[in-house]
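Novice: Once you've had a glance at the structure underneath, I'll fire off some questions.
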């Protein structure tokens, strides 16, 4: 691993990491080794150093979320270091410290021009569509497909949207 957390030996290669996997609702999480794919075009892979637990994680794990899909790897609040980047990523490089946003912002609607960017009327609707793309970005743990609550989306703007699947899954890089 080079300075800042970047690794020349993992650039362009899948990696293995540890993740807390929820195999079914209302059951304890299990620590599993999962494989994280190489970042695709306009995607980044982030080594998560810190992660919060949101009420939506508890809601999903408790089986109360009608859109909750299992197995899954919960968590969407955190910070870390860019581990590797896919083709055509601008503005980010391995070693950059980042705080990913899981809600895209268009920077044009009335909400994005106001402090309420979490209510983006243009791209906020994308969240529902994104959850349907989970299976396309599946990871494998113990031979079973493990999906994530938020699927990766290409950079909509290199300065404000990070692909979050990779961020959430690189909890403990091996």
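Every residue gets a Cβ built from N, Cα and C, even glycine.
Automated prediction, rather than curation, is the source of TrEMBL annotations.
Copied straight from TrEMBL:
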DOMAIN    41-125  domain 'Alcohol dehydrogenase-like N-terminal'
TRANSMEM  149-171  transmembrane segment
Novice: Do you know the DSSP helix, strand and coil residue counts for the domain 'Alcohol dehydrogenase-like N-terminal' (41-125)?
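Specialist: Here the numbers are 10 helix, 22 strand, 53 coil.
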Novice: Tell me, roughly as an integer, the mean pLDDT over the domain 'Alcohol dehydrogenase-like N-terminal' (41-125).
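Specialist: Across the domain 'Alcohol dehydrogenase-like N-terminal' (41-125), the average pLDDT comes out at 78.
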